[in-house]
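Peer 1: Okay, so Swiss-Prot annotates it like this:
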type	residues	note
BINDING	G46, G47, Y48, D63, F90, D106, Q113	S-adenosyl-L-methionine binding site
Amino acid sequence: MTVGDGDDIHAVGGSVRHIPVLLGEVLEALAPAERDIIIDGTFGAGGYTRAILATGASVVAIDRDPDAIAAGRDLEVQSGGRLRLVQAPFSTLDEHVESADGVVLDIGVSSMQLDQAERGFSFRFDGPLDMRMAQAGLSAADVVNSFKPGDLARIFGFLGEERHAGRIARMIEARREKKPFEGTLELADAIETHIGRAPKDKIHPATRVFQALRIYVNDELGELAKALFAAERALKPGGRLVVVTFHSLEDRIVKRFIADRADVATGSRHLPEAQARTATFRKAGGGVTAGDAEVAANPRARSARLRAAIRTEAPARAGDFSIFGLPKLPGIDRPGER
């Protein structure tokens with residue numbers, strides 16, 4: 001994410017100029033002040049954290065990627081005690097600070113992860129079919145080589161919105177019987193050969209499948225939902241929640257959460273009436289998108305959308321996944337999924 005038109009914020013651990021998407025809008029919505037405690041739940045290359053530190057606020061920065069944490073250690077030392085790095089899923093953000101004045105989340109894979117071939121997030125380079133942000137647990141290769149075709153089709157269809165999900169799943173089943181998939185280019189080439197690619201196609205035929213695998217392997221939608229519940233518990237009254245998403249599935253989760261938590265008239269049938277009718281957030285504007293100049297500087301910003309909300313004094317509600325309308329996926333079990 002290298003966009004922006006002012007401050008020169010460098011990527012942690014590198015010399016590339018790095019300004020995160022919607023930086024100005026994030027700071028405006030978050031409104032960090034001196035002595036505030038802000039949780040950056042998706043530290044990544046440290047762009048938001050650096051900008052927040054520059055306001056005089058302190059930051060608890062969380063990332064489940066050990067490489068991101070290691071790259072940020074110098075910044076932690078330079079911060080004079082105002083930055084604390086935590087290697088953990090951002091869904092646990094309320095476990096690492098007693099209370100916070102703000103929470104910011106930048107959802108999705110970081111440019112640093114995409115640029116490392118050995119992480120297997122992209123087919124721009126050949127690398128192992130991995131995609132694990134935490135570098136532990138089920139890999140993309142495990143999913144591709146062992147899941148039933150019906151389960152693969154469901155993952156590709158829902159998480160990647162891939163219209164050829166069934167065809168691709170059946171192709172994978174036939175190919176892996178001869179030889180398991182191991183590399184990113186191997187899978188990408190197999191999909192392109194099977195589906196084809198017209199000259200007018202702007203994206204590679206494997207793009208949506210790779211997106212689906214990454215989201216599934218890291219349970220990104222579930223982590224986001226749990227992080228929103230955690231932010232509700234962590235934020236002080238008047239504290240601000242700011243979330244930047246890059247995909248309609250992610251944005252839908254954030255939008256539904258804010259709408260549910262700001263709604264004093266109705267609530268989930270699974271919760272006590274008194275709880276359901278207490279607003280724990282109030283909306284702070286609608287979805288904010290990048291301007292033409294930012295999109296021109298960084299095409300990735302085109303899909304970015306920022307949503308924000310302000311915490312009320314009401315006690316946090318119980319986490320209820322039914323408000324998100326997430327479908328049941330193989331190996332993932334959450335209350336309220338259909």
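Glycine is treated like the rest: Cβ placed from N, Cα and C.
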Peer 1: Within its own chain, what residues at least 6 apart in sequence put their Cβ under 8 Å from the Cβ of D106 (S-adenosyl-L-methionine binding site), listed in sequence order?
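Peer 2: The answer is P20, V21, T42, G44, Y48, V244.
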Peer 1: Relative to the Cβ position of F90 (S-adenosyl-L-methionine binding site), how many further Cβ atoms are located within 10 Å?
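Peer 2: That number is 26.
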Peer 1: For G46 (S-adenosyl-L-methionine binding site), list the number of other Cβ atoms lying within 10 Å of its Cβ atom.
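Peer 2: Other Cβ atoms found within 10 Å: 29.
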